[in-house]
Each structure stands twice: as C-alpha cells, then as structure tokens.
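Participant: A single structure is presented below for examination.
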Amino acid sequence: MSARTSVIRSTEEDTDRTRLSAVWLIYLREMRDQLRDRRTLFTIAVLPIMLYPLVGMLLMQIAQFSQENPTSVCLIGSEHLEGAPPLIEGSQLAASLIDAPESIQLRTYRYDELSSDSGWRSRAEGWVQAGAFDVVAVIPPNLAGEKSAEASAAADSTTDGNQSTPSSASGSNDAESVEQPRIEMLYNVGSDQSVLARERLVGVLSAWRGEWIKQRLAHVGIDPDSLLPFEWSDSNVAPQQTREAAFWSKLLPFIMLVWAMTGAFYPAIDLVAGEKERGTLETLLCSPALRSEIVWGKLAAVATFSMSTALLNAGSMLITSSLVFKNLNIAGASSSLGAPPLAPMLWLLVALIPLSILFSALALAVAAMARSSKEGQYYLMPLMMVTLPLVMLPMLPGTTLNFGTSLIPVTGMFLLVRSLVEGQYASAVFFVPMVLTVTGSCLWLAARWARRQFEDESVLFGGGEQWELGMWVRHLWRDRQTAATPAQAYACGAIILVCLFFARLTVSEMPTTFAGIAKLVMMPQTLIVFPALIMAVMLTTSTRQSLRIRMPHWTTFPMGVLLAITLHPSYMMLSKFINHLYPVSEQAAEAMRPFAEQIAAAPWSAVLLLMALLPAVCEELAFRGFIFGGLVRENGKLRAVVLTALMFGISHGVLQQSIAASMMGLILGWITLKTGSVLPGILIHFTNNALSVSLGRIAESNWHAASLFLQETEMGPVYQPFWTLIGMGVAATCLLYFGTMNPVVDESDSEPVEQGHRDLIDPTAALASA
C-alpha cells in the first residue's frame, strides 16, 4: 500500500460525515455525462421499448401460420387385424381411438406386397431414415389368431368357478407362459416429427388395447366398468391472483434482475474505466470531494441506470405480453400461462431497489480494476457467473420461501417478492426480517468494497505496464517478501478449492474399511496443505513467517483449550440447527453410514490423529497461515477474516458442514488476527474436532461425570442444556480475553515498496517526490 493511499484513508477516517451536497453534485455530473452518450440512451430506453413489441409482433405473425402438422404412419401387416377390435376405419385410424384422426396420415401394406430379396425390415428402415414415413409399425402374425385364442382359453379355464381342480392351476401357468404378440415400431429419434408420431401412435395403440381388454372381459361375462372402483376430478382452489401470477412471478423477477445486473455494469465501466481512458478520473480525484463522496455519487448514478433499465424492460414486457396473450387467447381457465396481472407486479419494486444498489456496488468495484472499457467488459461474464446461480435458484422446482432460503443472498429477496406477487402475504411477512438483514449486510459489504477500491491508488492506476511471462517469473523470485502478497493468497485459495473439486469427483463410493477411510481423509488434507507449503517455500523468504508460525503469549494456549471446550456445545447446537434448515437427503445419509460405522469401531487414538490432528494442522496452516498472512496485508483485516472463513467452509464437501465450518472459521480467523499466530487456531481446531468424534465414546464410557454434561437421545448424545448455557458464558469471556490481546507482529501494513516500482503503483508518486 502506497503512502498516498494511507494518507487518503486516514483523511477519510478523520472526516466525520459525507457531505450530501457533494454527493449530489457528483451524481448530477455523472448523470449528465451518461445522458449525453447516445449508446447508453439507446440501450436503456430505446431498446426495451422497441424490442418486446417487435418480438410480440413476430409471435403474432408466426401464430397466424402455425398449425399442427400431420404425421405419416405406415402399417405393415394389415391382414393380421382380422378378428381384432377395429383399428382402421376406411383410410384412417378409428375415430374412437384418437381425438383428431386427421393428425395421422395412414398408409397400410400387406406382407406379400413387400416381398423382395431385401425383406420388409430393410425397406421400412429406409423409409424412416429417408423421411418417407415418420413411423413404421409392424403387426405380427397371429395377433388375433391361434396364440390369442390359446390365451383366452387358458383365461377361461382359470375363471371357471365350478372347476377348481389342478387342471385350473395348470391352465393359469399356461396363460402366463403364452408369449404375447409384440407390435414393433420403427422411428428416428433424431427427427422431432418422428418422435411426435411415435407418441401419437403409442396413444392410439394403448386405447386399442383397452378396447381389446374390454371385449375379452365381456366375452367371459365380466362387466369392464366393475374393474374401475372410482373416478377422480380435480379443482384448482388457488385464488385468481395466484393463478394468474403463478408463471409470471417466476419469470419476471428473473428478467428484471438480469437486466438490473446488465444495466449496472455498462454504466459502471464507463464511469470508471472510461474516465481512465479519457483522463478525467485523475481530475475528479484531485477535487475537494472525498473518495467516499465520489463513490456514493457514482453509485447513485449507476443504480439509477440499473433500475431504469430493469423497469423499462419489465414494463415493456408486461404490456406487450398482456396484449399478445389477450389477442392470441392462449391461456385457459386453469392455466397459469396468461396475461400477467399488473397490480401485483408492483411488488417487484421491493426487490429492485436494494438489489440494483447491490449490483451497482459490485459493478463499480469490479470496474475500478479495469484499465480500459474493453478490459472492463471482460469482467462482466465472471460477475454474471457468480450472481446468476443466486437468481436461478428460486426458479428450480420445489424451491419455496422458508427460513433456510431466506438467508441466501438475492435468492431470499427473489422468493419473498414471488410470495408477495402470488398474494401469500401471511407467509411472506414472517421472513421479511431475515431477508432484509441478509440483503442489508450484502449491501454494506459491497459498498465498503467499492469504497476501498477507490481509496487504493494501486487498484485505480496500477497494472499499466506490459506483462511478460519470463519477467514475471523472475520478479516473483527476485522480489520475494517474508509473507505472501494478496494476489498470491488469492491464487493459493483458488488452487486449493479447484483441486478439491476435481478430487471429490474421483470418489465413486464410500470405503468400507478404516484404511480406505484414512486414504479418503488424507487426500483432501494433502491437497489443502501442499499448495500452501510449496508457495511458502518458493514465493517467500521465510517459510515460518509466511505460515505465521510464531510463539504467542503462553496464556493463549490454555485459554484456547478452554474456549474450544466451552464453545463446542454451541457449535453442536448450531450444526443441528443447520441440519434442520437444510436437511440431509436420505441418499446422502445412507452413503455416509459406512464412514460413521468405521470411525466408531476404529481405535480412539487413530481417530484423533486422522479426524482431529491432521485436519487441524493442514487446514490451519493453509487458511489461517499462508492465505491469511497474504490477505491481512494492506490493511485487509476484515478481508482476511471473512475470506479465509469462506474458503475454509467451501473446502468441506457437504453443505451443512460448510456453513458450520464458515461460522467457526470466523472465530478462528479473529483469534488468529488478535494473537498474530496460527498456533492457537490449530489447538482450538484440534480440540473442537476431538470433542466431535469423541462424544459417542464418552457417553458410552463408565465415566460417571459424563451424565452431568451429556444426555442420550435418539439422534445420539447431546449436551445438557445447563452446560450449554454455562459454556456460552465462559466462551464469551474467553473471546473477550482474546480481544484484549495485541498481535506479536503488525501484519496489516505492507512492506516498503522500492521507488523504482512505486511509480507503477502510484502515478502521482513521481510528481510528489519532485
């Protein structure tokens, strides 16, 4: 971090409040500049107004010419239909078997008409492949002849109540042993028309078989209607508002949020990267306005364009779809696809305002890293890839608003708005506090990130030099420092997570032996610690310092053990709560059963080494060691604690474990920050894991004091409520003690940068020195 950046941040901290007048002036400036750009106006205003009406007009034109094309079916062996219920009437299929007989164009052949050297099959396959017929059906010989008569006779003998003799049993076996005739259909799966023809013919043959069954039942004196004990009918009880909004409540929020994201990114690129190219950003930064005021003004302008783009697109789509569906008369009385209700769609504004600000802050922070508008556009796809899953998750079948989904960023707001649009106000109101809390936290983090980007001169103006692979490799070795840089920490975390992803794909089934379990556990732990060790040896001058292996004050060790013991009841309670919010599927629980059985049967010392000590050492050295040491530099204390906790949680393969591990990672990161060493974290991590794998053994032991802390339940041993409360109080006291500590080494400031490299990071450094 350059000296100028430190001065900027100290100035911002000394200022008590942001001046709204300065923010307003910057907002007006940015809006005026953007409204002068014809491309921006066309993308935001003209394009959505013209696009959807043109698409609607095109759909109406296509609907005038759209018709259901008939499919062609060839029937070979028509002479074998004698004695069967009517399948063909004239030149078409029987009207009693199909609602629209004209939808199938029928052509029939006898076997003797296709007698040739090649046979009927090769000719039929050639017809289907050439498109002469969509489907060719072959009627086998004796379909209604001797074999069917034998089956009927056997069935008659089994249903004769006056002859309950052994011969009747043999008759039943004969009925089962008679091979049923099979109608063969030849079709082309590569042709949609052929697949449609097959589906239609299957429906006809099913109805024909039903008529045949009724005929046989009537022949033996059984009323076919007696075999149908009941009928059913359905009635849609959904309110009219919910019925009309069922489809659009899923589609329109998705469309609106995608356009809000797109509408935020392009203005953000022009307001930051574009100003770098034009040379006006330096002038703005030299003005009396604070960096926070500049950020808020630009953020307000970007959010305005984001909301305008989303509103114009959604409004144009609503109006156009209402008119198109009304004219085409597509939806029926019970269909959810119809003209969207306009009044309930106003609830979309509830999600649009905060999410547009969120997307705008993210876009502004990402655009600050680009040196040009062209480079800024390259960052759009990664940003879309990160946020689109959160927008698409609510569209998956079965995804509803509950306590678990309300805590997911963007997804919770999406589901809340969908409930409001569908008129489910009672269930939506209950989750409003959770959704607002999560959304507000994301807004604060995104705005803080954008502000920090503008306070860092190396982000705004760094990286202008050309990059060459050989020089970069020599720079990594020549300019090594005692700890990792933030870029190296990010690279290490990415390498670890990618390696773990591909490693888990290689595991096909759960091992059934303890040796296999050991290999399964050691593989990810090796992938976690190995990249950190290699990078610490190769990219830093001190492996011990880069891994943050320092001796803290001796009191941190007993306090760390006490914290882990007293915090473990709360950790277990949190895990159960997470499992309640996001239940583990029965398939996953069944797959993990051999793992739990092997761990329970293995020696306790081996389990502690494998499940407690090994993960504690490997994970802490990687996440709270090398990666934390790089992220904490350049005054990145919050960044180091949060990002290492997220990486630590993602490294666990199961979602429920990832959430709990992320929460524990926040505590471990904060303790690592306060002590300046990775050793207390290793001790706390080991103690927590050791207690987790030992609770069952402690409960089954003969230790009488175990009943004071544990109680047996159907789900296994759990802590006594009073011990959980006492543990919370003692753990809070331990955390307060760690809060009073000062780290052995201040890692938040970067090492001095040589003057030769300072000009590349801070373009004003040369002017200041002159």
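Cβ coordinates come from backbone N, Cα and C, glycine included.
Per TrEMBL, the features are:
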- 41-63: transmembrane segment (TRANSMEM)
- 147-177: region 'Disordered' (REGION)
- 147-161: compositional bias 'Low complexity' (COMPBIAS)
- 162-175: compositional bias 'Polar residues' (COMPBIAS)
- 251-269: transmembrane segment (TRANSMEM)
- 299-325: transmembrane segment (TRANSMEM)
- 345-366: transmembrane segment (TRANSMEM)
- 428-447: transmembrane segment (TRANSMEM)
- 487-505: transmembrane segment (TRANSMEM)
- 517-539: transmembrane segment (TRANSMEM)
- 559-578: transmembrane segment (TRANSMEM)
- 599-617: transmembrane segment (TRANSMEM)
- 605-691: domain 'CAAX prenyl protease 2/Lysostaphin resistance protein A-like' (DOMAIN)
- 637-655: transmembrane segment (TRANSMEM)
- 718-738: transmembrane segment (TRANSMEM)
Participant: Could you give the residue numbers and ranges of same-chain residues that sit at least 6 residues beyond the transmembrane segment (41-63) on either side and whose C-beta is under 8 angstroms from one of its C-beta atoms?
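Facilitator: Distant Cβ neighbours of the transmembrane segment (41-63) are 35, 259, 263, 266, 305, 308-309, 312-313, 315-317, 319-321, 323-324, 327-328.
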Participant: Take the domain 'CAAX prenyl protease 2/Lysostaphin resistance protein A-like' (605-691) and count its residues per DSSP category (helix H/G/I, strand E/B, coil), listing them in that order.
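Facilitator: Counts, helix then strand then coil: 75 helix, 0 strand, 12 coil.
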Participant: Does the transmembrane segment (345-366) reach the transmembrane segment (251-269), going by 3 or more CB pairs under 8 Å (6 or more apart in sequence)?
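Facilitator: Yes, the transmembrane segment (345-366) contacts the transmembrane segment (251-269).
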Participant: Residues of the same chain, at least six outside the transmembrane segment (718-738), with any C-beta under 8 angstroms of its C-beta?
Facilitator: 556, 559, 562-563, 565-570, 572-573, 576, 667, 670-671, 674-675, 708-711
